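Database features (TrEMBL):
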type     : residues : note
DOMAIN   : 25-145   : domain 'DUF2231'
DOMAIN   : 196-252  : domain 'Cytochrome C Planctomycete-type'
TRANSMEM : 25-46    : transmembrane segment
TRANSMEM : 58-80    : transmembrane segment
TRANSMEM : 92-112   : transmembrane segment
TRANSMEM : 124-142  : transmembrane segment
Amino acid sequence: MELSILLNTGVTDNPSDILIFFGRIHPLVVHFPIGFLILAALVEITTKWAKFQPLKNYIHYLWGLGSISSLFAILFGYFLSLSGDYNENTVFLHKWSGVALFLFSSICYYISKRQIKLPFYGKSILILIIVFTVFYTGHLGGNLTHGSTYLFEYAPNSIRSLVGMPKKEIPRKKVTVLDSADVYLDLISPIMNNRCVSCHNQDKKKGDLDLTSYANLMKGGENGDVVIPNDAEASDFYRRITLPESHDDFMPSEGKKPLTKNEVLLIGWWINNNAPSNGYFSQLNPDKEIISKAKNILGLDKNNLFNKKVSPPKKEIIDSLSSQGFILNKLMKDNYYLEANFSLSEKSITPKGFETILQLKGQLIWLNLNHSNITDEYLMKIGQLENLIKLNVSRNNISDKGLMHLSGLQNLESLNLYETNVSDSLLTVIPKLINLKRLYLSGSKANDSIINELKKKNEKLRIIFD
Ligand code: HEC
């Protein structure tokens, strides 16, 4: 079985694991012939000096080692090529220049050992060819592993143009306003760059499909067009990202992280809108749903609270809250966002005193009122603290009626409702808290069906309930 694979000259569909295992030793083995052959060439040069003359007697060992190690490199390299993961043309050149190295170094071994004199600088020319071939083979090998642009990727544009590479691409500015987003360059292309081009590029062109540019995407793959404008359902591209993950054709393959629902939806929408190569996103008249998906993908829906500078709080307010039993902490070095914590206080809050906290509306982002005897009435005021990111109102006598007041807290990421009386209103309020990531409900009046419903509405929300 193994033998038959070995004898097979082309790339086999299913090389056995053991061969690929050996193949992966190739990158280690190749450094031996490189070292031996370069050393042999250097020693050949130095023996021109009388001082190094004695080395002449040993030089054939170096050529011999170079020749044998290149034979191993060729063998392991061949195994590695069976995996078919590499650009065929480059593999072809790499393989045969490796074989040439083996032949040339064997000849050098032979003539050094036998002390044969080649006519007309024959040996010097041969050595020159060997040195050149070592570099050339090594360079091709580098291209195979790292892609042909690896070496010059970070070179200055002047050097890049010498080797026929285009100027470095200036990365697109991060989109900050949806209206300035280009539909392909800012939305569709980054999705492919993140999830697809590792297997679909010039050097690694799985399925003969290159997804690094619009033009190449439209060229399609080995089975023809993959995007059919205005018909997502008929597009292989769309079909493969919407299949069940376990399906053989599913993309990205090999268990790589799939596209998010939003990304899939947006790609479908883009194809059905004629799959344009550029143009403003907003010019395609996206509906509300698509706009919100696009914002999500561009990260424009995240709270941008931290980009804002808030002014320092008034001293009287801080003093007043402290005297009531609040502990206040500044949360950032160069901004005045604050945490207020009443959970450790021995005193009790009064509705009148609590009014003061509204004067910290801009600064307050964490509020801890655990076990503080607050009621629904307080939640009405908390609902006005629109910058809150973390809110803990656990172990208080709070009901559905109070919870309703919190539905405007668009920045809220964490909400603790342990041991409160909230239940059905969760279904109304929680889906409105678009940034909520964690919800604590143990000991509340919520039940399994409410929890399941909440999970269905927002898969990303982590609910702690037991
Ligand atoms: C881990 C490697 C890998 C990743 C990542 C990957 N693909 Fe593929 N893709 C393949 C392989 C291998 C094939 C060829 C085998 C096949 O057709 O299933 C292929 C084939 C395809 C084809 C069919 C081309 C044709 O004409 O037959 C499409 C379309 C495709 N991929 C789209 C994508 C998209 C879109 C992504 C990103 C969401 C992606 N691929 C990510 C490995 C990958």
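Cβ atoms here come from the backbone N, Cα and C positions, even for glycine.
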Cβ pairs under 8 Å only, please: of the recorded stretches 25-46, 58-80, 124-142, which one is richest in them relative to the transmembrane segment (92-112)?
58-80
Restricting to the domain 'DUF2231' (25-145), report the mean pLDDT as a whole number.
93
Counting by DSSP, what is the helix, strand and coil composition of the domain 'DUF2231' (25-145)?
102 helix, 0 strand, 19 coil
Secondary structure content, the domain 'Cytochrome C Planctomycete-type' (196-252) (per DSSP, counts of residues):
19 helix, 4 strand, 34 coil
